[in-house]
Amino acid sequence: MGSRRDEEEQAAAVPLLAAAYPTPSGLRRSHAGDVHLLSAAFLFVFSAYLPTQNLQSTLNTEGNLGAVSMGILYASFTVFTATAAAVVRRLGSRGALVVGTSGYALFILANLLPTWYTMVPASVYLGFTSSLMWVGQGTYLTSAAISHATENKLHSGQVLGRFNGEFWGMFASTQVTGNLISLVVLGNDKDGGAANKNLLFTVFLGCMVVGIVLMCLLSRRDESRAESDCHEPHERSFLHDTSRPAVTPLADPRMLLLAPLLAYYGLQKAFVWAVFTKSVVTPVLGVAGVGGAMAVYGAAGVVSSLVAGRLTSGLRSSTFIVSTGAVLQAGVLLWLLLFYSPMDGLLGSAAPLVVGAVWGVGDGILNTQLSALIGLLFENDKEAAFALGKMWQAAATAAVFFLSPSATLQGMLAALAAALVVAVAAFLFLSLVIERSHALKF
């Protein structure tokens, strides 16, 4: 038993490191190589975009332009996810990724001259293109993982966990790289002077160009090929019963039970971007300190994503990992709600960094596990499932950005805590149902 497991791990490790493999048409990048390139492209794109987003509620404060723009962006995202699956099928996942990056570049460009006439149209367009980009990302990565599992006779869930762990670990590192750039450029300018802001966004545009080029270098993937043969018979009764008609993800009980956790994921992301940076970090560390706090948050997310991806070996392990992340974030919420108040001195300066680190661990866990679960649960309708998942996340995120200017910190914390309780309860029930059916085994 032990030797067979060793052989499987060795078979998985070799292609993960391989740069290319032979095909009838010549030399092609390996599935893992495509994931490496995809991760690198997102590293550059979001090293520019995420710190820009983090600064919206603190830099563009006139008329709450920053927060309102972000709310419009995620409302647009929510609306356009309804058509994203069809557009991604038409463009292909690689084409959707390339088109998607254009919206991020335009949004950063708008921040060089932030007015209602530049930010609002850029936000609407980014909502459209980002819906394509994220549906394309989930489809592309899942296709690569399942193809890798098929060719190497591995459990698709194990490979999905590892590929998602790598991708989301790299993605979380954008909070480190991007916010360190922000910290260096803004320096000690606690109010974010115009000259420093323009320099910062110019640097970010350069990062965006590199990311777009890397997206163009991705291999085209054939996503129409049947991939269900990589699953063992015991996996089909609940998840992959091809003898019955496909169920629309919106009406699928699994998606309905997963929806509260997807929505909470969007809420907790927006909390960091719109509330944590403005109400916890800025009063103590200033605008320049946002970059440092978010870099700590990102570093914690890198570690937790990589570890969570490697530890995912079954539904029970996934349930335990998600529960661990939920407990950590619940602890932070209760501490902020009941005990926190801004303080001076070393202890006061350290508090936002500690909160960011613990929150980042939970965020990294949710990133990895949710993506892997959607990819496995809805393999036969990946585009629609990822679009629906992003719709729940975006709707929740938009709500936070719209409400944050008028809501108190205590009110936001209480609402987030209640959402977390509902989300975890629904997810645990979903896990229990699947476990009892003996239908899901990573």
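A Cβ is built for glycine as well, from the same backbone N, Cα and C atoms used for every other residue.
TrEMBL labels come from automatic prediction, so no person has curated them.
Going by TrEMBL, these are the annotated features:
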TRANSMEM  35-52  transmembrane segment
TRANSMEM  64-88  transmembrane segment
TRANSMEM  95-117  transmembrane segment
TRANSMEM  199-218  transmembrane segment
TRANSMEM  255-276  transmembrane segment
TRANSMEM  282-308  transmembrane segment
TRANSMEM  320-341  transmembrane segment
TRANSMEM  353-378  transmembrane segment
TRANSMEM  385-403  transmembrane segment
TRANSMEM  409-434  transmembrane segment
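For the transmembrane segment (409-434), the list of distant contacts is 238, 254, 257-261, 263-264, 267-268, 271, 275, 279-280, 315, 318-319, 322-323, 326, 329-330, 333-334, 336-337, 396, 400, 403, 440: same-chain residues at least six beyond its ends, Cβ to Cβ under 8 Å.
Ranking 64-88, 255-276, 353-378 by CB pairs under 8 A with the transmembrane segment (282-308) puts 353-378 at the top. In this chain, the transmembrane segment (95-117) lies apart from the transmembrane segment (255-276): fewer than three C-beta pairs between them fall below 8 angstroms, excluding pairs fewer than 6 positions apart. Just going by CB pairs under 8 A, the stretch in 64-88, 199-218, 320-341, 385-403 that sits most against the transmembrane segment (255-276) is 385-403. Outside the transmembrane segment (353-378) by six or more residues, the chain places 138, 141-142, 145-146, 156-157, 160-161, 164-165, 167-169, 171-172, 175, 239, 249, 252, 254-255, 258, 261-262, 265, 268-269, 272, 276, 280-281, 292-294, 296-305, 308-309, 312, 318, 321-322, 324-326, 328-329, 331-332, 335-336, 384-386, 389, 440, 442 with a CB less than 8 A from a CB of the stretch.
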